[in-house]
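Participant: Provided herewith is a single structure, encoded as structure tokens, for subsequent inquiry.
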Amino acid sequence: MIEPFLGTWKLISSENFENYVRELGVECEPRKVACLIKPSVSISFNGERMDIQAGSACRNTEISFKLGEEFEETTADNRKVKSLITFEGGSMIQVQKWLGKQTTIKRKIVDGKMVVECTMNNVVSTRIYERV
């Protein structure tokens with residue numbers, strides 16, 4: 001279930017991302033920068049913990065966690081959140097909660113690409129990554 005996600009991925013397309021980060025509450029200037037960045041993502045698993053590293057010319061983030069266990073995360077836009085990542089139906093589902101708000105990040109493999117659907121309230125962004 002985890003194996004298809006493992007490896008390094010690069011962003012190849014992004015739809016509605018600016019509206020999504022606006023819904024998160026990201027200010028105008030950082031939001032515009034976020035939309036220009038083409039990050040790469042590396043996902044690894046050591047049998048107990050999973051690591052997700054996201055990198056770009058502007059910022060690098062890394063999270064290390066056990067599936068199904070809540071953990072604290074500082075996001076790329078500096079939000080301090082409680083995250084929970086689980087696997088459901090072949091998808092990796094991440095729920096971030098902070099200050100009474102919640103966003104869901106759903107990662108799935110479709111035709112060899114990683115499709116990431118980010119949802120906040122009624123705003124959905126779809127980002128597609130291909131394996132490097």
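Along the chain as shown, residues are numbered 1 onward.
Cβ coordinates are placed from backbone N, Cα and C, and glycine is handled just like the others.
Pulled the feature table from Swiss-Prot, pasting it below:
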| type | residues | note |
| --- | --- | --- |
| MOD_RES | S13 | phosphoserine |
| MOD_RES | S14 | phosphoserine |
| MOD_RES | S40 | phosphoserine |
| MOD_RES | S42 | phosphoserine |
| MOD_RES | S44 | phosphoserine |
| MOD_RES | S91 | phosphoserine |
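Give me the structural setting of these features: burial, nearby parts and distances.
Facilitator: S13 (phosphoserine) falls within a strand segment according to DSSP.
Cβ neighbour count for S14 (phosphoserine) (all protein chains, 10 Å cutoff from its Cβ): 20.
The Cβ neighbour count for S40 (phosphoserine), using a 10 Å radius over every protein chain in view, is 15.
Cβ neighbours within 10 Å of S42 (phosphoserine), excluding its own Cβ and spanning all shown chains: 15.
According to DSSP, S44 (phosphoserine) is assigned to a strand segment. Under a cutoff of 8 A between CB atoms, and with a sequence separation of 6+ in the same chain, the neighbours of S44 (phosphoserine) are L6, M50, D51.
A strand conformation is recorded for S91 (phosphoserine) in the three-state DSSP classification. Note on S91 (phosphoserine): other Cβ atoms within 10 Å of its Cβ, all shown chains, come to 15.
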Participant: Just to be sure I understand the packing, how many Cβ atoms besides its own are within 10 Å of the Cβ of S13 (phosphoserine)?
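Facilitator: Neighbour count, Cβ to Cβ under the 10 Å cut-off: 13.
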